[in-house]
Amino acid sequence: MSDVEQVSSVFDTILVLDFGSQYSHLITRRLREFNVYAEMLPCTQKISELGWKPKGVILSGGPYSVYAEDAPHVDMDVFKLDVPILGICYGMQELAWINGKQVARGEKREYGPATLKVEDASSPLFEGMDHSRVWMSHGDKLHGLPTGYKVIATSDNSPFCGITHEEKPIFGIQFHPEVTHSTQGKTLLKNFAVNICKANQNWTMENFIDTEIKRIRELVGPTAEVIGAVSGGVDSTVAAKLMTEAIGERFHAILVDNGVLRLNEAANVKKTLGEGLKINLTVVDAADEFLDKLKGVTDPEKKRKIIGNTFIHVFEREAAKIQPKSGEEIEFLLQGTLYPDVIESISFKGPSQTIKTHHNVGGLLEDMKLKLIEPLRELFKDEVRHLGELLGISHELVWRHPFPGPGIAIRVLGEVTREQVEIARKADFIYIEEIRKAGLYNKISQAFACLLPVKSVGVMGDQRTYEQVIALRAIETTDFMTADWFPFEHDFLKRVASRIVNEVDGVARVTYDITSKPPATVEWE
Ligand code: XMP
């Protein structure tokens, strides 16, 4: 049984067929917000190969024109499922194309807000909705009613803003209810999923814990052993704790101290994960090995490769040393893959689909001949955080900023030496401490200090100094694809700069990075 089949056998599931819209994953996200489980699959999914029956189907938006030669089309078997269907934007145009080809280019593109006028208040799709603001993003539109359909909503620019089949629970809407700009969009999706599809609202992290623990136990069996890397971040910690709840000591966590972790990180992880969360943890000090390999290297991509390859080498070596009490060989490798990674690798990206592999520690599987276990692969980040809190992981760890795999090596610009790492670490520690003290940590998506490979003149006491520069970065973002710099108060920056220059030897000057992404990236390297 596939992962999706297993989850769908417990939770009523709405199938979202993705036609490539940038908003598609948000449909899944919104449905889960009111505890209805949803799975997104590419629009090319063959219904006969699904292996499970959805409670309803949503056809997403997409960047194509249904009448174009290479336009993607839904498998007609979707209509044989005999479940409610909702077409959104391209999805509605697809319904219209199938039923009379009533789609053409609009006189002008419609992008932005419009007012929804509900024409048929008795339609269950619009229950509890009035003339609300909805978000439009389309070039094509319906220029007539598909055969067997009637109008249930209009807008100034779209006489067919909402349609429904005369007899069957099939609906189409021109706007995007999944974006928050559509003020009552969530109500509409809830009307569809809960009232029309009759999907059970049982997708909660409490229920997920129970089903997932059961699933892990069945998968791993009564004796097999599992190994996994932890980093001190939220995803690997939640995955490790879940494994521990399921199979106890038969799960072996390894933290590889690569010498470029944050200040006191290895010791802190030992304390919180090992002692606090009772995870069967081995901490491996491989700092010298990593730093030796990084000697003389200044190119950021080379640093990443060296750290990635050395990690695999060290992890495999340490894994081979583990002697499971059961006497069994280690059979599984745990990975903290999340749903956005899965979506990224399966979503429909046009006629030539781009499939991206999403192994967090790519390379390990082939060499170690281990089977993969990914308990978080159905979850969004905020669901992982909620799960973490339910599993007793501290609020502080659950809400920790992300930290890149290559760590401080890509925050020490130029050559990475033990001394340079130490300077960057201390500055970063002070910066984060001040952010926490000011109550700003949870308002910022990510913050860190970088050590620049330039020297600058300063004066301390009566002495002229000639030391390095620290650059501080803090960003606000929802998806890390685009980001804005955080507008600190001047007093805050003054305090941090003063502490860093006074407390960290080797630093003469502090700057604050005020570049957004794009054009800059979040990390400096
Ligand atoms: P950029 O610098 O690409 O960062 O704008 C976006 C997010 O990705 C993180 N990042 C990495 N994470 N390995 C990782 O595990 C890497 O090589 C890496 N590079 C960037 C970065 O910290 C930010 O959260």
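Each residue, glycine too, has its Cβ placed from N, Cα and C.
Please treat TrEMBL annotations as automatic predictions, because they have not gone through curation.
The ATP binding site annotation in TrEMBL covers S231, G232, G233, V234, D235, S236, T237. Cβ-based neighbour count (10 Å, all protein chains) for T237 (ATP binding site) stands at 27.
TrEMBL lists 203-400 with the feature domain 'GMPS ATP-PPase'.
Taking the centroid of the Cβ atoms of S231, G232, G233, V234, D235, S236, T237 as the ATP site, the other same-chain residues with Cβ within 8 Å of it are V230, V238, G336, L397, R400. Classification of S231 (ATP binding site) by DSSP places it in coil, neither helical nor stranded.
Regional average pLDDT for the domain 'GMPS ATP-PPase' (203-400) in the model is 90.
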